[in-house]
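Peer 1: There's a structure below that I have some questions on.
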Amino acid sequence: MGSVFDEKEFLACCGSTKFGKEMVAAAPFSTLQDAIRAARHIWFNKVDVNGWLEAFSAHPQIGQSPSKNHQSPTFAQWSKGEQSTALATATDSTLQELFEWNARYREKFGFVFLICASGRSTPEILAELKIRYQNRPIIEFEIAAQEQMKITELRLAKLFSEKADTAPTIKPLATTNIVRKAEDRVNIIGAHLTAATGDAGAKPAHIPKRTRPPITTHILDTSRGCPAGGIEVQLEMWKDNQTRPQFGKANIGGWKVLGSSATDKDGRSGQLMNMVEALTPGIYRISFNTGEYIPDGFFPYVSIVFEIRESQKWDHFHVPLLLSPFSFSTYRGS
């Protein structure tokens, strides 16, 4: 028997009524990882456009406190905590600018600017808002939905953390196609949009300079229900244009280290590569020193290899790791 939560607790994670009801129907969950799998499937495949907008509207504007009359006091409390870094780094002038850009954004798109604000400063959030303001509505709607999913995952981790003493540790469900289906839905829409713009390799005219490196990561400790800090992360790129790394072969000497860092208290890594506008297309490998974090765990380290194509060189790639002593999973975020 896994952890049991009610609809109100799931609504604290995501303000969509449909999401809350579907999560209750899918419960109980043996592990946080199982809950996150189900949440992604429900959010991207079962919650409709109205449900997405309902979830967006539950959030206060960045830089403002949640309403005291919010339907979920826990939601309001978590929102305030997630914005703590932003508020701590804000000045009167940046708050005023944020207020003005929030108003512009809402007027253009019809919903509040949504970003996973945990650990982010006001200048960083403001820069991201200005970049995303240039997007077409259909693109921005998908980005906002993905940001909501990041927030939901962090809050599910908090929810499980509160019941950690009563939740048993058992083997998580086998890998399913849930995440892939959700990502396929987003990618299909993105592919149509890219095709409509003409040359896939050309720089879209609306994208200003980056405000963060193009490849980032964060780590969630699913056994404890919290971010995993202090884990060393290394990013590499395959340096031989004439060959490719092959399964089952040592591939010694083909990787070039781009950078390394350790995750902070929010589970986010520092800068892993130079701040470049266009990523070099090719094969990348991101590795996590999990053995140092969980000495008695099953994995001495974890490496994830992925390929970035010419048409994706302007994108941002977020490669999170969901980790426990005997399992891990990942997916491509934005």
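Keep in mind that glycine also has a Cβ here, set from the backbone N, Cα and C atoms.
TrEMBL entries are annotated by machine, without manual review.
What TrEMBL records for this protein is below:
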DOMAIN    9-157  domain 'Oxo-4-hydroxy-4-carboxy-5-ureidoimidazoline decarboxylase'
DOMAIN    215-333  domain 'Transthyretin/hydroxyisourate hydrolase'
BINDING   HIS218, ARG268, TYR331  substrate binding site
Peer 1: Suppose we draw a 10 Å sphere around the Cβ of ARG268 (substrate binding site). How many other Cβ atoms does it contain, all chains included?
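Peer 2: A count of 20.
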Peer 1: By DSSP, what is the split of the domain 'Oxo-4-hydroxy-4-carboxy-5-ureidoimidazoline decarboxylase' (9-157) into helix, strand and coil residues?
Peer 2: 104 helix, 1 strand, 44 coil
Peer 1: Based on DSSP, tally up the residues of the domain 'Transthyretin/hydroxyisourate hydrolase' (215-333) by helix, strand and coil.
Peer 2: 7 helix, 49 strand, 63 coil
Peer 1: Enter the number of other CB atoms within 10 angstroms of the CB of HIS218 (substrate binding site).
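Peer 2: Summing over all protein chains shown, HIS218 (substrate binding site) has 24 other Cβ atoms within 10 Å.
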Peer 1: Counting across all protein chains present, how many other Cβ atoms fall within 10 Å of the Cβ of TYR331 (substrate binding site)?
Peer 2: 17
Peer 1: Return the average pLDDT for the domain 'Oxo-4-hydroxy-4-carboxy-5-ureidoimidazoline decarboxylase' (9-157) as a whole number.
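Peer 2: Mean pLDDT across the domain 'Oxo-4-hydroxy-4-carboxy-5-ureidoimidazoline decarboxylase' (9-157) comes out at 85.
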